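Asker: What follows is a structure written as structure tokens; I'll ask about it next.
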Amino acid sequence: MNSDELRGNNRRRFTEAGPISPPPSRLLNITNIKMPDKDSSTPRVFLYRHGQTEWSKNGRYTGITELELTQDGVNQVNASGKMIVGSGRLIDPSKLSHVYISPRKRAVQTFDIAFSDADKQALKAANKVSETERLAEWGYGEYEGLLTKQIRALRKEHGLDSEREWDIWRDGCEGGESAQQVTDRIDDLIREIRAAHKDNMHGENPSDIVLVAHGHLLRAFTKRWLGYPMEFPLSLMLDPGAVGVLSYQHHSIDEPAMLVGYGFPIQE
């Protein structure tokens with residue numbers, strides 16, 4: 001199936017109980033929109049990848065293995081947190097309706113570093129912070145701790161991939177999760193988020209959301225937010241400790257978009 005067929009098969013509108021579907025236009029360049037300044041009102045979803053670990057540093061697949069951040073990872077999150085988290089910044093805790101965190105230690109640690117003690121206390125007191133397995137990293141199964149080249153060699157030993165190379169977005173992981181399993185849990189969270197957003201598309205209430213999670217998972221989330229199947233060839237990168245942004249075009253719940261650039265606040 002080619003990319004045009006994949007796109008055509010996924011042109012279905014979002015409903016609370018139905019499948020996640022793509023909008024007519026998926027990528028939004030907001031350089032002409034006053035975001036993230038104080039007048040911004042369309043709800044946003046911030047994708048916060050955890051900082052570096054020893055395994056992410058070496059390119060090893062890290063799913064359920066509990067690893068803490070390296071010192072470089074701590075420094076990465078400290079830097080991004082000071083730059084973009086806080087009152088009047090891109091991620092303003094007063095504008096958040098919820099922070100969802102993967103239960104893995106490296107994600108929890110990232111949240112703990114990025115947000116100030118006062119902001120964490122206020123968010124938790126308002127029941128706006130929760131850990132959820134829906135944001136856990138892709139279950140790598142037999143591939144846990146391996147490099148990509150090792151995974152491909154292992155699969156060939158198992159008699160797989162004789163005609164094409166392994167692609168996690170299509171083939172999933174032996175003993176771990178399939179692309180459909182990851183899709184199902186992500187779609188469940190997207191429905192929950194959009195249900196919270198649908199009555200606040202013009203800034204009626206604070207509705208920004210933060211997801212603190214992992215490299216594969218957050219890229220998978222982006223594909224599903226835009227309505228693409230996992231195997232759709234949309235190449236995305238998200239560095240350790242970095243933040244991506246999703247939102248909507250035209251204040252419309254039916255037009256989810258990826259922000260490929262945001263304007264800096266106007267200094268008054």
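Note that Cβ sites are derived from N, Cα and C of the backbone, with glycine treated the same way.
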Asker: Report the candidate from Arg89, Arg106, Arg170, Arg191 that shares the substrate site with Thr62, Gly63, Glu137, Trp138, Gly139, Tyr140, as recorded in TrEMBL.
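Answerer: Between Arg89, Arg106, Arg170, Arg191, TrEMBL records just one in the substrate site with Thr62, Gly63, Glu137, Trp138, Gly139, Tyr140, namely Arg106.
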Asker: Restricting to the same chain and to sequence separations of six or more, state which residues have a Cβ under 8 Å from that of Gly139 (substrate binding site).
Answerer: Gly63, Ile64, Cys173, Gly176, Glu177, Gln181, Val182
Asker: Tally every other Cβ atom lying within 10 Å of the Cβ atom of Trp138 (substrate binding site).
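Answerer: Trp138 (substrate binding site) is surrounded by 25 other Cβ atoms within 10 Å.
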Asker: Going by Cα-Cα distance, pick out whichever of the recorded positions Thr62, Arg106, Glu137, Trp138, Tyr140 is nearest to His50 (active site, tele-phosphohistidine intermediate).
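Answerer: Ranked by Cα distance from His50 (active site, tele-phosphohistidine intermediate), first place goes to Arg106.
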Asker: Write out, in the order they occur in the sequence, the residues of the chain not among Thr62, Gly63, Arg106, Glu137, Trp138, Gly139, Tyr140 that have a C-beta within 8 Å of the mean position of the C-beta atoms of the recorded substrate site.
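Answerer: My list of surrounding residues reads Tyr61, Ile64, Thr65, Arg104, Ala136, Glu144, His214, His216, Leu217.
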